[in-house]
Amino acid sequence: MGAMAPRTLLLLLAAVLAPTQTWAGSHSLRYFHTAVSRPGLGEPRFISVGYVDDTQFVRYDSDAENPRYEPRARWMEREGPEYWEEQTLVAKGQELDYRVSLRNLLSYYNQSEGGSHTIQRMYGCDVGSDGSLLRGYEQHAYDGRDYIALNEDLKTWAVADFAAWITRSKWQRNGAAERSRAYLEGTCVEWLLRYLERGKETLLRSDPPEAHVTLHPRPEGDVTLRCWALGFYPADITLTWQLNGEDLTQDMELVETRPAGDGTFQKWASVVVPLGKEQNYTCRVEHEGLPEPLSQRWEPSPSTDSNLLLLFLELWQFL
């Protein structure tokens, strides 16, 4: 996305930003495309969503009353009408391309025209703290399965099956990898720098997590300790349970980081421990918003101590 803006303008922008802007950690620009055929119900639906790091900032939906690229972050509302016109034209062109691809894939897989099928695509770039490219990527899937992907060298394609081999042969002839590489190494980085500058109050902030530990008795007689991290941004965080200072990564249950709905994230990690040994276990929380890692233990209240004693007596009587 963004390829229609004058490249000279983007290069000037990158030259201005690069010497003065540095950021903690890496940042990413990613686009997710989904095209779904629906025989008998009209043309395929096409949705494009863009993310800077973990923040959705643009969206296009062909099923909208007036399909247009629209802002999904307040800082994107500063973009002028020319930007939205250009991006809408790009999206409409992509929509037409996916219609053709859906028809081609029917023939590649010898499928009938009566069923619904889905193409998914993810592409983008990551930059380091100095604004230089760390990596670029482009991946395609068909009906939920890997189809074709750009290798790390950004020069060759990895294919999943014979149908994807047909696509690779076409793309090798028309220079698709070279175009993707030029976009990922140049335009993608330039637009990411622009978006980071545009939304720096939101995108470059560091909200530290609030952490605490809860205890949950189990029928087996032991207990689960769950370490919570809430209200943090960006999403990258590390939770590690330790026993007497030794990591317990093999014994932990760890959920994926989840959006909290208010622009921050939440996550938890749990471990099963013997009843009465809770104080030997520590949860270590690492996040860029913290000046140093947090160490959290379960802190029982007086009422909790009484409840655990009753639980122990009940289990002892049962045994």
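Here, residue 1 is simply the first one shown, and the rest follow in order.
In case you wondered, yes, glycine gets a Cβ from its N, Cα and C as well.
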For this session: Could you identify, going by Swiss-Prot, the member of Cys125, Cys227 that forms a disulphide bond with Cys188?
Result: Cys125
Seminar exercise, completed: Counted with DSSP (H/G/I as helix, E/B as strand, rest coil), the region 'Alpha-1' (25-114) has 33 helix, 27 strand, 30 coil
